[in-house]
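The block underneath contains the structure these notes are about, expressed in structure tokens.
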Amino acid sequence: MSWLGKVLGGTFGFMLGGPLGALLGAAVGHQFDRGLGEFQSLPRMDAGQQERIQMAFFTATFSVMGHLAKADGRVTEEEIAVARQIMDRMDLPPHLRETAIRLFREGKSPNFPLDATLDQFRQEVGRRASLIRLFLEIQLQAAYADGRLHPTEERLLLHICQRLGFSRFEFQALRAFIEAQLRFTQAYAQHQYQQRHGHRPPPRRQQPSLSDAYALLGVSPDASDAEIKKAYRRLMSQHHPDKLVAKGLPEEMVRIATEKTQKIREAYEIIRNHRQHR
């Protein structure tokens with residue numbers, strides 16, 4: 001039975017345990033008579049490691065997203081919309097979509113055990129840094145839902161990054177990557193829309209900019225071709241959907257990783273075309 005089947009069947013609590021198991025149990029609606037302390041001490045079923053990672057990733061993603069949305073004092077319509085967009089991109093079946101919504105609400109609770117949730121997530125994921133990176137990218141993208149990163153959100157995101165083993169420098173690099181991705185995606189979408197609808201060529205500012213392409217790859221315009229190719233290959237490897245699934249990414253989240261690789265590839269092509277014609 002897949003991780004999804006076990007969630008729907010209610011056996012996940014004994015597989016996952018800990019605060020993540022408790023959160024998922026509450027979200028699914030199964031009734032547990034045990035307190036959280038007792039829940040953490042329950043023996044686990046002999047489940048596959050990958051299934052536990054998939055459950056942990058799914059549970060942590062939406063619960064932490066809900067907690068982050070409440071960080072600036074209130075949950076905005078934009079933040080709710082981003083959470084629902086992620087669910088749409090995952091093409092979740094109705095029952096699991098409702099579970100994701102409930103996890104988001106669980107995260108908004110003043111008693112949400114953030115550090116315990118992050119600690120267990122890190123333990124379940126182990127050394128799979130690319131999974132943690134994708135988790136953090138999703139949280140950052142959700143935080144930018146209203147177009148800016150509030151100081152309280154920034155502090156909380158930095159705490160989340162450091163709790164998961166990422167340094168302040170790595171947090172800033174992730175932030176720059178997401179900001180560039182958002183600008184790049186918005187400009188590219190405008191460009192594609194006007195092309196599809198037969199409009200005259202859009203102004204240059206509406207096309208994905210060269211500077212955003214460099215920022216998306218995390219390189220300087222002065223970088224050599226070899227350095228740019230190395231950065232491109234590193235990012236493609238970190239976000240490769242098949243590699244992430246093999247490490248435990250829920251298959252329902254593959255589309256998110258695929259979209260990221262498409263944007264990375266588009267940014268690389270913009271830089272290559274510019275350098276070939278300069």
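Glycine is treated like the rest: Cβ placed from N, Cα and C.
The domain 'J' annotation in TrEMBL covers 212-278.
What TrEMBL records for 1-6 is topological domain 'Periplasmic'.
Under the heading topological domain 'Cytoplasmic', TrEMBL lists 31-278.
The average pLDDT for the topological domain 'Cytoplasmic' (31-278) in the predicted structure is 83. According to DSSP, the domain 'J' (212-278) comprises 54 helix, 0 strand, 13 coil.
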